């Protein structure tokens, strides 16, 4: 925990004071991204203290050869590593010939970082007394342009404080970078060309094995007291490095500023031979516009994003800061412009977890993007999986499945499995269900059914086939069972009949059969195409149905309880409250076997099912299961508190929901798990949004109608958010006594509030009393 | 499978013909050992083809830093690697200036290897036409002395076939060796001194981290047509290498022989500063005796071993060769002279599995050593675990156990756990039971109870405490359950209530309580000492009893079947016979999850319990369980067929028992699993011995009396073996119609044959008709 280190502020993340031990964690928290690239908040100038260097390009990865202690048949050959990309932000700074390095300065004062979320920039300022007694004031402002997403800009200002000074700036590019995470210390980048023109620098490099081609580029300008100093830099070139050196005298009180423009052009967007040309075009435009105009455009672009996605909370600055930080980071990570990209668990803020796509995308992130962007963005997320269907079928084949059964990978970059723990890779198969659920959720929310006949049906068929083959008939139970799985609660491995998995499996089959019928009737051409392509026979579908109709669910009569898995009640059922705090977190204190045989739940499992399928269960059932499972839940996954928050809100336990909300929304800002230096928990940030909108706001779709059941935590005066429901923007403002609804757009939209129908008419604000 | 490659012969292992693809597998099969050191059958001269170099010193290992893909809390820091030791066998050979290398010869003919098991030596002979057309006949005989167990000897003879030749020999020592198996490519050996006197060479080296000090030494003699040529060699020295070069002219038809004596002195046996001196003493004695006398002594020493441990089979050469190979290798690996040593799964024949001690020792090897050596040898095996008790308690503490609970490691060298797969390291806890069972088995067979008050009781208390803490009370079942284990069948992981484990756990507690009572009565001083040391209270014992008395056993009423674990009957119960052969072995063809959810059993599990506790179950119960589990057993562990062979024999299914017997006895000779090049399956070789003595011979101890129920496979005319039962040697010869018993020693020993009592009187052969 790191509580109160980050200053509370509604729109900014602020750090005050220079603390060497916080550098790595702040590098994570102050990260920047624009959906196409991102970077940790590393210093531009030399820093000899502890740092974790990270600059990332969306979709650029390296297949690092798998390293395991004991190989198991079926393990993937490689793990896709998020790749530290060539450095374009670097600026060496000399003051009177001495290198500026905050780690060696005699004194650093007034140190302050601000991440301005409203406008999308990051600023660092401080005064430094160098070992040679030179005294300077520094202000550095940096942003990654939303407008031109291959471009970033830095304004590095130095003011001479006590005396005249000689200042040297050397902006540089460096492709000699390494990953912190590497299995075999492979070389990840191959630099093919280092070029410098009079004012511009370019490094062409491609990743080894995957051969993603990139051009890292830069051009800088020097300003004295705001006036351009038109000099040519002194060029220095090395094998994987190019620097442009500028030097200038600075009188006491004067300010020297370097504007550095840089970034990456990549062959995802350009022909591989034209990356330098593309970089030149970008630089030309950047120079024409200039730093200030680019910054102005950055403000506008973020204003546009916030207009739709902001959640305003009155009366609770920390909660406000938390949710905005979450929304800001989600938007920095993924903007939905490119269906080849996805949302990595650490976004552009660290290397951990590799890969880019987990079931987090479908289970947690999709609703956020559906409601705060247009439906094309959400559709791109679905399309990503459609594009990976062939690979998912191959993946299932490797594990012994046949006939087009598809198993989506646990972790992936390009559709191939990257993970290699057998209990997860092979057994955490519920992920397949989340992908089908996302299709359902998308159609339900957007009303866009066309995705199913066009693409979704094929995905559903692959998934239904998988479940049919993965279940087996138990003579003893006279039911179909699913043996040897790991559910969402990864503190149980290789269990039989995980209720959540079995429930999803049955639902997937039922849903697929229903869609087959619907597509057959409504889209006969698509139906013929899909049935032909998948060679689906009627007999096969009736086999699916047999499995779904006869699925076994572990259940205990006496308490009327769905059991997380077979045998759950044989455990020693001590609650988390009975566990000494010295024993927590159990994943750090206990050996794995002890965790496994304990009743402790890492993240919502049965309750995840109650969240997905809220309308399948009565409130009494929800309450019974919540009261049984919550006391055993240790929430040692970032994806857990949000689900519990939503369900607690649904049960009217607003105070408890609020506690879970705070935990999820400030997880990284307050560094709950003492690991923020590894990067941020991006995907769980979507869960925070869900906690407010689906939890407190009680938003859902009932009978094809948008529905709300607003509640408000005692600590808040009001909260408001927008939802794009089928291209109408609905603004919801929940206050202590009333909830206000407003709609923009052309259409009248019927909604349900506390299950009562009303109509939202453009231009007319509606107030409903909070029940 | 490699059937018929090794020539059938009752006392020898013979290979004929040079096959580059077989070099590595034959290096395993022709391995030599003398309990203190051992080596793969690598060529002395240069070989540029595929080879796996291995020379091993008992008890010398390296703690290689653990490498895993995903670290789990509780994993050990290192894995003890069996270490390829400095090479002392190397001899460079030149013929007319050309290096002899079988891989580059124009022609190799008459190539033959023989491992003479009766006399304990290994010979390789061939004719070679070198690239320079020099034509020679070579014969190389090598043995590791049983008599002087730091010494090995080589006689390398070359005959000039077609013309006069210049021969050069360069015997050398080389400590610049590497391991095939290394996690981090660490340097394993540090060479501290390379010394050469006029005729002797020494390399002092110690292992990194563990600091085992060794001196590798050599001295050679040259003989022309049998006459000593008294020359000084030309000495060559490098950083980790020393060579002695001899050169001589050889007329056509003449024979030049090099006798090389070498080996290791180690600081397990000598003071670390006196290793060179000890080596000199050994060399002096070796030179005084000379090669022929040493070989003669080798013959006698092996004759002594065979006198007691041979099993002679009449009428079936392959079965005969198989069992002798097994007995030979067991004796090469472990002679029971040193309680600091143990029996590694690959002995001195490869690196795989690292460590030296698995539960194999107690479950499979102990009975062999009890019956074919004196009881001190078996006692040394038990003492080994007593010496590791503190470490076993520490190991349990690391996993969260307390109060002196002991969990013996899955794999160990010095008592510390080396293995790092959570499902095995943390969960395959039945190993603890095998250690208790071995104590019981030892007392039962040898009649030596003294081990228990002296040492065993402490071990039993540690184990009982472990089971008490590892079981938990299930409210639902109103019984104690043991959750999250892996049984002997490693094709099931993290299961609940593995019947074998639960049964052993209960038995361990019951047995410990019984011994506490017995020691209290019979050895009150020991009792006081042990109770004081372990701080054992009466209340604690009654808690144990509660667990043992209320242990849960998975059972199915309808079939009257103990279930391997909870939920076993939910599987798709297809037998092995229904599995296409293309799918086998499943551990190579199937992904791990598929194996886990299948009903296929890697090795005897419930049936292992029926083997250990044969007298707890009726023959009907045995038959029922054998008939249920055998059809699901794939025997993909080398430890499985022997148990099934014994139980099949017990059920009178001699033909089936014979099939299992062949599989176990010729596993390596016929290379069933296509992996013999990695080394031999040493510990399962004890299982082969069990198949004959306990299986066909039906040997056991009933009511403190040695008992037999002899049966004979149809293919055999007779078989005979000796048993040292409480210091009387009983020779058993089973023929088609009768079984002959003979006893040597002073005492009259009552035995049971087919449950009928008779007395064996020294000097009087007794015949009993086979029932």
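Glycine is treated like the rest: Cβ placed from N, Cα and C.
What TrEMBL lists as domain 'Glycoside hydrolase family 65 N-terminal' is B:14-267. For the domain 'Glycoside hydrolase family 65 N-terminal' (B:14-267), the predicted model reports an average pLDDT of 95.
Marked as domain 'Glycoside hydrolase family 65 central catalytic' by TrEMBL: B:324-689.
Residue B:602 (substrate binding site) falls outside any helix or strand according to DSSP and counts as coil. Neighbour count (other Cβ atoms within 10 Å of the Cβ, all protein chains): 22 for residue B:602 (substrate binding site). According to TrEMBL, the substrate binding site annotation covers B:359, B:360, B:602, B:603.
Feature annotation from TrEMBL assigns active site, proton donor to B:490. DSSP gives residue B:490 (active site, proton donor) a coil state; it is part of no helix or strand. Within 10 Å of the C-beta of residue B:490 (active site, proton donor) there are 21 other C-beta atoms, taking all protein chains into account.
Under the heading domain 'Glycoside hydrolase family 65 C-terminal', TrEMBL lists B:701-758.
Comparing residue B:603 (substrate binding site) with residue B:490 (active site, proton donor), their Cα atoms are 8 Å apart once rounded.
For the pair residue B:490 (active site, proton donor) and residue B:359 (substrate binding site), the Cα-Cα distance reads 14 Å. With DSSP states grouped into helix (H, G, I), strand (E, B) and coil, the domain 'Glycoside hydrolase family 65 C-terminal' (B:701-758) comes out at 0 helix, 37 strand, 21 coil. The local packing around residue B:603 (substrate binding site), expressed as other Cβ atoms within 10 Å of its Cβ over all shown chains, amounts to 24. In this entry, substrate is bound by B:359, B:360, B:602, B:603, whose most widely separated C-alpha atoms sit 16 angstrom apart. A Cβ within 8 Å of the Cβ centre of B:359, B:360, B:602, B:603, the residues given for substrate, is found for these other residues of the same chain: B:358, B:363, B:488, B:490, B:637, B:639, B:640. Summarising the environment of residue B:360 (substrate binding site), the number of other Cβ atoms within 10 Å of its Cβ, over all protein chains shown, is 24. Under DSSP, residue B:359 (substrate binding site) is assigned to coil, being neither helix nor strand in the three-state scheme. The Cβ of residue B:359 (substrate binding site) lies under 8 Å from the Cβ of B:408, B:410, B:430, B:431, B:434, B:435, each on the same chain and at least six residues away in sequence.
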